[in-house]
Structures are given as structure tokens and as C-alpha cells.
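**Student:** Pasting a structure here, questions to come.
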Amino acid sequence: MSFNSPFFDFFDNINNEVDAFNRLLGEGGLRGYAPRRQLANTPAKDSTGKEVARPNNYAGALYDPRDETLDDWFDNDLSLFPSGFGFPRSVAVPVDILDHDNNYELKVVVPGVKSKKDIDIEYHQNKNQILVSGEIPSTLNEESKDKVKVKESSSGKFKRVITLPDYPGVDADNIKADYANGVLTLTVPKLKPQKDGKNHVKKIEVSSQESWGN
């Protein structure tokens, strides 16, 4: 560009600097620069082939929400949120749910628990929810904690809230819990469905409108 004006010379200088910077990137001139690894933008799929959104990386912690198909089972659970957003830091223990003909089977992975006093299980009838909370002990002691180079095991307090389906209902008095090999198994019996309430829909007639015909 050949204009005898300082204004255009200024923009020419900027363009030249940008071109030089781009060439520097192409030649690997910024050797100290390494692009941050990011999750791929390609859609993820669940076990049924349905596309689901990938989790985002907030504050350096991977937010690992449970599959969208389980939204009806899990209530709002602070253990699923990453730390750094005002939520208390806790362990997000995995939960498996099996729907049998006569009962629900819940499996909560809580390794290292040495006493049943470290696990608390409650059934909240008003919300039809099972609340499992407790604490997973650390594998480290005072002597070894300063020598750790890599630690992938989780320890600390946990809490999971599982909402059960309203139908056919559950027999709360006969819920059983068993702990073995690091897995807490809850057996939740279902109530027998009523024969006359197969679809749970009852027709309600509207009355008291004198002008309506029979």
C-alpha cells in the first residue's frame, strides 16, 4: 500500500507484524508454547446409541455428571459438582441401579469402609428417596502422606440421593442392605401392583353444568 499518510502506514505496520507472527507459529518458533488439551467436540454416545453432551472442564476439574438417562433417578447431588464453585468437596461414589421384576437393586461402590457405622442409609417416604452417606477412609497415614507421588484413590465424605419411581411403590419396611468387597448392595422390594390400576389413569367426569346434555 502506497499512501503518503501516517494513518495508513500505521495499519501497514500492524499487518506486517501479524504476518510475521503467523509465520513464526508455522515454523515452530514458539517452542515454549504448548496448546492446552481439550475434550473433542465430537458428540458422545451412550449405550443405546443416543448422542449425549460431553462434560465441560471447569476450574481444572472434570465435571462428570451421570448419564442423561438417569436424570429421573438421581436427585440434585452436590457430590457431582466440581470443587471451586462454593460446593463442599466430597467424593462422587459410583452407583449402579438394576430394575428387577420384584425389586430394585442398588449397588454403591464405597471401598475401604471398615465399619457399618461409617455408612448411613435413610429412606425418605415423603420424597420416595434413598439417601446413602458416609465416609471413605484414606489409605494414607501420617507417616506415608508426605511420600506420595501419585494418588488416584478417593477418600472423604460422600452422599448420594436416589429417587425411586412412584409406581408401583416400594416396601420400605423390607429394604435390605449388605456390604461386601467394597460394594454396598441395597435390595428394595416393589409393592405388588393393583389389578384394577394397570394404567393408573382414572377418568373424572365433569358435572354441574346445567346446559350440557346427558
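Cβ coordinates are placed from backbone N, Cα and C, and glycine is handled just like the others.
Okay, so Swiss-Prot annotates it like this:
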COMPBIAS  193-205  compositional bias 'Basic and acidic residues'
DOMAIN    86-207  domain 'sHSP'
MOD_RES   S2  N-acetylserine
MOD_RES   T42  phosphothreonine
MOD_RES   S90  phosphoserine
MOD_RES   T163  phosphothreonine
MOD_RES   S208  phosphoserine
MOD_RES   S211  phosphoserine
REGION    192-214  region 'Disordered'
**Student:** Among the modified residues listed here (S90, T163), identify the one with the smallest other-Cβ count within 10 Å.
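**Tutor:** Lowest Cβ count within 10 Å among the modified residues (S90, T163) is T163.
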**Student:** Give the three-state DSSP assignment (helix, strand or coil) for S90 (phosphoserine).
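**Tutor:** Coil, per DSSP.
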**Student:** I need the CA-to-CA distance for T163 (phosphothreonine) versus S90 (phosphoserine), whole Å please.
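**Tutor:** Their Cα atoms are separated by 20 Å.
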**Student:** Within the domain 'sHSP' (86-207), what mean pLDDT does the predicted structure show?
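**Tutor:** Within the domain 'sHSP' (86-207), the model's average pLDDT equals 85.
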